[in-house]
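For reference, the structure is listed below as structure tokens.
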């Protein structure tokens, strides 16, 4: 019985069974600040939140499923109009290779949802989420504009986002070891 359950669980995970999507936006300056290998592609990273991904997830393990068996990324399935919008909303701030970034996100996460969203729908839905949950605009309307010396409390950031989206986002931060007080820098906003 235990072996049967284990087989079923592994089968479900490999076929991309999921409970919900995580829609993740990243703050490029924080992302670039913590790059270990090499600096980001642009000397001054974008100053707006960009899409990191749309990730099918499970309540039991939010990092799963991933790397599901499915159709591989095909750039020709993205119309020129969609590609130009993704270059703004979902750029590769690290290496500057947007297509490679999208390919990696589709192959790792998108394939797990392809019974619900084909490749075009996956990217179009991500863009639609970004348009209605654009963290940069929401915070700007609440007079929260990133500044190197300005700090905010967790609730200062969550409150305006929740007021607009009717959802409480998860904020992911990274600790800055280079600073004497080890402050937390906002890295991602997750719905």
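Glycine residues also receive a Cβ, built from the backbone N, Cα and C atoms like all the rest.
Since we're looking at a predicted model, the values are computed, not measured.
The feature signal peptide is assigned by TrEMBL to 1-17.
Under the heading active site, TrEMBL lists 52 (among others). Using a 10 Å Cβ-Cβ cutoff, residue 52 (active site) registers 24 neighbours.
Annotation source TrEMBL lists active site at 105 (among others).
Taking the Cβ of residue 109 (active site) as reference, residues of its chain lying under 8 Å away and at least six apart in sequence are, in sequence order, 53, 54, 55, 56, 66. Taken from TrEMBL, the feature active site covers 109 (among others).
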